[in-house]
Amino acid sequence: MQNEHSEFAKMSQTLTNVQELRLRASTTRHALSDIVREKDWSDFQFAPIREATVSRAMTTRYFEDLYRYAVSDVVIVGAGSSGLSAAYVLAKNRPDLRIAIIEANVAPGGGAWLGGQLFSAMIMRKPTHLFLDELEIPYEDEGDYVVVKHAALFTSTVLSKVLQFPNVKLFNATAVEDLVTKPSANGGVTIAGVVTNWTLVTMAHDVQSCMDPNVIELEGYKDDGTRDPKKKHGVVLSTTGHDGPFGAFCAKRLAALDAQHAIKGMQSLDMNTAEAGVVKESGATAGVEYMYFAGMETATKKGVSRMGPTFGAMAVSGIKAAEEILRHFAE
């Protein structure tokens, strides 16, 4: 009998809640409530505009960005979870740095829009939850790990925060085709920038000839192209992942330039060794000045195991690489 009363009470409360929601719906308020007649949108109009105005508004701003970021302090190649995490830490701590993010896809975020096997939830092992706390992303605490209800919640949140920084520009649908290099005084390679093109052009080089690229130069050079010792040299952080047409691109390009930077290849799945390994191996590259790696590109380059559908190392490796880059600019 007691259980029946309990169930009846729950049903009554549910019905009451539904009635309240219906009552609220009858007087719904939204952003346009003051300019739209209730239940009648027949007189709704947008402000007038000329087609050329739209074109000029887009064009001028994009080319202003191209001009401003033609010389950048930090170029991040790949806007996946590690690249975006690094961008957040860098932009937050150094608002004076010009940070260009180059993403080959139209949609940034890499593989972090879904969890494993196209499922929704994102699993992150502790202590990555501290980064989620900073970003104010809710999660379920399961002891040693946390669960974000949908991977897209993490990606959209960090992406939104990164894009709001005034010193960050995302160039999506843009591919890095090559690296700009110069001889190093110590006999290695100095990274001086990246070579860019529209992604669709890059992928069409086999069907059309003579489609030359553009460049983004790293800060640190005079107008004649020689090194300016008065300026802090910029850096490239490559976070291009391991899959797709541009996976591990910068690691592969370095290997092609110099055999000592040969790719070891990503090893089979082992979550416990993989995540710690990716974080430990992320950061600066020996023998290559001003070049940093993070995320799954690190696993491919250094021969670390893959971790599969657990994302803590993606964020943390980006944070670690960002910390090293911040030290570089602080020296």
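Placed from the backbone N, Cα and C atoms, the Cβ positions cover glycine too.
Together with GLU103, ALA104, GLY111, VAL176, ASP212, HIS242, MET296, ARG306, MET307, GLY308, the substrate site in Swiss-Prot holds one more listed residue from SER82, SER85, SER156, SER160, which is SER82. Counting every protein chain shown, the Cβ of HIS242 (substrate binding site) has 18 other Cβ atoms within 10 Å. Considering only the residues assigned to substrate binding, SER82, GLU103, ALA104, GLY111, VAL176, ASP212, HIS242, MET296, ARG306, MET307, GLY308, the longest pairwise Cα distance works out to 38 Å.
The binding-site residues ALA104, HIS242, ARG306 include none with a CA atom within 10 A of the CA of CYS210 (2,3-didehydroalanine (Cys)).
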